[in-house]
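Colleague: Under the heading substrate binding site, TrEMBL lists Arg201, 221-224, 289-291, Gln295, 343-346, Arg523, 534-535. The annotation ATP binding site is assigned in TrEMBL to Glu217, Lys382, 436-445, Tyr447, 472-475, Glu498, Lys525, Glu531. The annotation Mg(2+) binding site is assigned in TrEMBL to Glu217, Asn219, Glu440. What TrEMBL records for 279-379 is domain 'Glutathione synthase substrate-binding'.
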Amino acid sequence: MGNGCSSPSIALTTISATSPFQSQESPSNYLNLCSPTRFLEPHLLKSSKIFIPKSPLKCAKVHKMQTQVEDFAKPIFDPHDIDPKLVQKLANDALVWCSLRGLLVGDRNSERSGTVPGVDMVHAPVALIPMSFPESHWKQACEVAPIFNELADRVSQDGEFLQQSLSRTRKVDPFTSKLLEIHSKMLEINKIEEIRLGLHRSDYMLDEQTKLLLQIELNTISSSFPGLSCLVSELHRSLLQQYREDIASDPNRIPANNAVNQFAEALAKAWNEYGDPRAVIMFVVQAEERNMYDQHWLSASLRERHQVTTIRKTLAEIDALGELQQDGTLVVDGQVVAVIYFRAGYAPSDYHSESEWKARLLMEQSRAVKCPSISYHLAGSKKIQQELAKPNVLERFLENKDDIAKVRKCFAGLWSLDESDIVKDAIERPELYVMKPQREGGGNNIYGEDVRDALLKLQKEGTGSDAAYILMQRIFPKISHSILMREGISHKEQTISELGIYGTYLRNKTEVVINQQAGYLMRTKVSSSNEGGVAAGFAVLDSIYLV
């Protein structure tokens, strides 16, 4: 599990000393699109053909294509076959659409773009044509989302499990150690989070050989792009409609995506459960945030749909301006905070001094609703993901056998570095593994020959530093053709993609207020790149076309 922003094969894992995988082929590169980092206006909801899911376990309704074979969806054609002149028209119309609708990020070439809204904006990196995706796997990902929501909540409540599972990691990873220190303090004072809010995103890749949908991670902190992902779905629907005679595709096969409003609804209901109409929702943000517009879409939805006020503060500002009243009320810059929504604080780079850690502890001690709480944050760590994949561990948290089977079906191979047979195999066949540290935000994983070098170095040192890593089965997704556009320039590429399914979860004591699938994020990147953060410049935002 992990955080993220960013975004899909070798056979499914079989635990074996000599052959942990059923196949030794490695046709493509693994993709881990993690990055740091829409509210649909009512008139758009009325005028657009958007179908919002009514049940947490059902995905958006998709109309059949009007073809001679009604019950078979025609796949979208190869984007690389599109005439260059048509590509230029698509690109131009997409740029206009992005500018008019707010599908924007700050320009990384401008210092002010990350601090001053409305200054030096550029279109978000996007694909011009949606990515084909099997409808059966889409439905599977939607169906399992509420189960993962419940699982994260239950794991977060098991303090002993979190502390024990991460005990070795804390000795060699200072960041995890600091998080566990705060968690320990909350356990010591018996701090109870009666209102628990989770805004999650479970990321998957589709294994090309087995056709299995395998989970990359479950993000429990700063699950970014709920705002911009909705816009990309609309952009693609608009382009396919406009160029329907040139591109023989049905725009209605792009699923509805209402992630931003569903995130806003969960935040607003948590605010309502807190019970103070004067209080605000506080976004914890980075000092320079070029992905601020994704966050501002959430603020706009909260303001216009729920009449809830939001404020934005960095960890340093919270330390300087925050105070904890005797009854646990958190006041920041004179305003009572009902809900704390973290879009920062997931990586060591967000903690520049002890000031930021003081702010994190202050917030954790308060009675404000934390999204996530420190226990939710830890529940999303990669080591916990690996622990949950062990035999009989899911049964500690879930009772329903069908739910357990559905979750386990999504697990790729995951191992700790104290499993000597697996480590030996990873040294011999490093191309089949990925080494993952307890880090979020992308750019931290180890691939290929570097896996062998890292493992041999850790064995030579013998300091126990291996506890800071896990090994994961390297997934080899199908290579597809895409047209990617960044900084106004479009180009055809061979790509791989990752699907992220958002989930919203809210519980007040024993009552589950919300538990549902809440939209999706598709990210696509050049197949030759290991890392793939959108904000980091590797991946682009995409949507899916059901086939």
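Just so it is clear, glycine is given a Cβ too, placed from its N, Cα and C backbone atoms.
Curation plays no part in TrEMBL annotations; they are all automatic predictions.
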Colleague: Arg474 (ATP binding site): which of the binding-site residues Asn219, Ser222, Ser224, Ala344, Tyr346 is the nearest Cα neighbour?
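Modeller: Minimum Cα distance from Arg474 (ATP binding site) across Asn219, Ser222, Ser224, Ala344, Tyr346 lands on Asn219.
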Colleague: Using the alpha carbons only, what distance in Å do you get between Gln295 (substrate binding site) and Asn219 (Mg(2+) binding site) once rounded?
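Modeller: Rounded to the nearest whole number, the Cα-Cα distance is 17 Å.
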Colleague: What is the separation, in Å, between the Cα atoms of Tyr346 (substrate binding site) and Pro437 (ATP binding site)?
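Modeller: Given the Cα positions, Tyr346 (substrate binding site) is 13 Å from Pro437 (ATP binding site).
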Colleague: So which one is it: of the binding-site residues Tyr346, Tyr447, which has the fewest other Cβ atoms within 10 Å?
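Modeller: Counting other Cβ atoms within 10 Å of each of the binding-site residues Tyr346, Tyr447 gives the minimum at Tyr447.
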Colleague: Between Asn219 (Mg(2+) binding site) and Arg201 (substrate binding site), what C-alpha distance do you get in Å?
Modeller: 5
Colleague: Using a 10 Å cut-off on CB atoms, tell me which of the binding-site residues Asn219, Ser222, Ser224, Gln295 is the least crowded.
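Modeller: Each of the binding-site residues Asn219, Ser222, Ser224, Gln295 was scored; lowest Cβ tally within 10 Å is Gln295.
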Colleague: Provide the three-state DSSP residue tally for the domain 'Glutathione synthase substrate-binding' (279-379): helix first, then strand, then coil.
Modeller: 43 helix, 26 strand, 32 coil
Colleague: List the same-chain residues at least 6 positions away in sequence whose Cβ sits under 8 Å from the Cβ of Pro437 (ATP binding site), in sequence order, or say none.
Modeller: Asp173, Lys382, Asn444, Asn445, Ile446, Ala468, Tyr469
Colleague: Nearest to Ala344 (substrate binding site) in three-dimensional space, by Cα, is which of the binding-site residues Glu217, Tyr447, Lys525?
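Modeller: Among Glu217, Tyr447, Lys525, Glu217.
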Colleague: CB neighbours of Lys525 (ATP binding site) within 10 A?
Modeller: 31
Colleague: Among all protein chains shown, how many Cβ atoms are found within 10 Å of the Cβ of Arg290 (substrate binding site), not counting that one?
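Modeller: Other Cβ atoms found within 10 Å: 22.
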Colleague: Go through the binding-site residues Glu217, Tyr447, Lys525 and tell me which ones have a CA within 10 A of the CA of Arg201 (substrate binding site).
Modeller: Glu217
